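Participant: Quick one: the structure is below, questions incoming.
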């Protein structure tokens with residue numbers, strides 16, 4: 001197997017994983033137009049090539065809050081990561097820490113906070129959903145604090161679950177889902193043994209620690225579905241801001257007015273994100289939304305971005321459009337599914353190499369020198 005880009009990991013992951021798991025990660029909402037535009041819109045951004053600038057000294061290092069990152073990349077929160085590799089959250093976190101970048105743990109991870117945090121030598125980030133069960137939210141925040149988490153990523157673009165039609169076709173949901181998942185596992189023996197057997201318990205660790213009983217896949221879907229809160233408003237977040245004294249990032253911003261509201265709220269950062277095209281189909285890609293948001297709030301808080309980033313070249317494009325740092329989700333998940341921690345390590349090395357090539361050939365010697373002047377044209381211009 002030749003791995004030269006993140007797309008190779010995607011192809012290999014499709015072969016290795018049971019279809020219900022591959023398509024759960026790979027799919028988006030409705031007809032998946034936004035999912036596709038996240039990638040194609042980034043690919044349509046042309047960089048301005050510059051030469052003869054003595055690029056012998058180059059630095060990808062950047063500062064974010066009180067952290068130093070080896071490059072402006074963090075691993076995004078991805079639910080059920082531990083179903084893609086044995087104790088997957090631990091493996092991904094170790095790869096990120098070894099590369100000098102943050103790992104963001106999902107609320108709905110397989111491994112609990114208490115298993116992942118001690119496995120790495122730098123503080124991880126923790127992602128939290130807005131849920132009706134405020135007791136769970138407080139419990140999760142308290143446990144994250146106790147584990148040394150400094151940065152909270154608060155996801156606000158999921159007041160209701162997205163309509164992900166591909167899940168019904170793949171067996172993740174829909175008629176005879178449990179039976180279809182078992183049959184798929186039987187035809188993927190490598191995954192079935194390594195993750196299905198050796199990766200137990202298949203629990204949602206953060207939730208079961210609070211509820212006091214194991215939570216399987218069906219319980220996960222039911223519990224979350226009943227706990228998303230469509231009544232949420234900025235006012236409801238005030239108690240979290242009072243409770244959490246570390247950096248707080250609001251994830252799921254696609255509109256400049258919402259970005260301004262995040263500044264008023266006192267957020268330390270935002271993530272320009274459409275949830276990887278998994279929530280509302282037909283909204284702007286992150287690449288299209290980012291410039292206007294950067295114009296509105298750049299300098300008032302840190303701007304992160306995700307959705308559609310598949311290479312180090314895409315990282316450079318997002319930075320040029322106004323992001324300070326980017327989050328990668330599917331790309332690292334595919335690498336994790338194929339080769340575990342070593343796969344994520346290799347992926348991050350590929351991203352760094354691709355960033356270095358792009359920076360040398362655009363004349364940017366540091367991350368701060370990647371600006372809109374690095375673009376021939378912006379998307380849609």
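First residue shown is number 1, and so on along the chain.
For all residues, glycine too, the Cβ spot is worked out from N, Cα and C.
Just lifted these from Swiss-Prot, have a look:
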ACT_SITE  275  active site, proton acceptor
BINDING   24, 129, 164, 278  substrate binding site
BINDING   106, 127, 155, 251, 306-330  FMN binding site
DOMAIN    1-380  domain 'FMN hydroxy acid dehydrogenase'
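Walk me through where these features lie, including what they touch and how far apart they are.
Facilitator: Sequence-distant contacts of residue 275 (active site, proton acceptor), defined by Cβ-Cβ distance under 8 angstroms and a gap of at least six in the same chain, are 155, 157, 158, 162, 252, 307.
Sequence-distant neighbours of residue 278 (substrate binding site) (same chain, six or more apart, CB under 8 Å from its CB) are 27, 28, 29, 35, 162, 164, listed in sequence order. Secondary structure at residue 278 (substrate binding site), taken from DSSP and collapsed to helix, strand or coil, is coil.
Residue 322 (FMN binding site) carries neither a helix nor a strand DSSP state and counts as coil.
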Participant: At its widest, how many Å does the recorded substrate site span between Cα atoms of 24, 129, 164, 278?
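Facilitator: Spelled out: the longest distance between any two Cα atoms in 24, 129, 164, 278 is 19 Å.
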Participant: Rounded to an integer, what is the Cα-Cα distance in Å between residue 106 (FMN binding site) and residue 129 (substrate binding site)?
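Facilitator: If we compare the Cα positions of residue 106 (FMN binding site) and residue 129 (substrate binding site), the gap is 9 Å.
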Participant: Measuring Cα to Cα, tell me the gap between residue 306 (FMN binding site) and residue 129 (substrate binding site) in whole angstrom.
Facilitator: 17
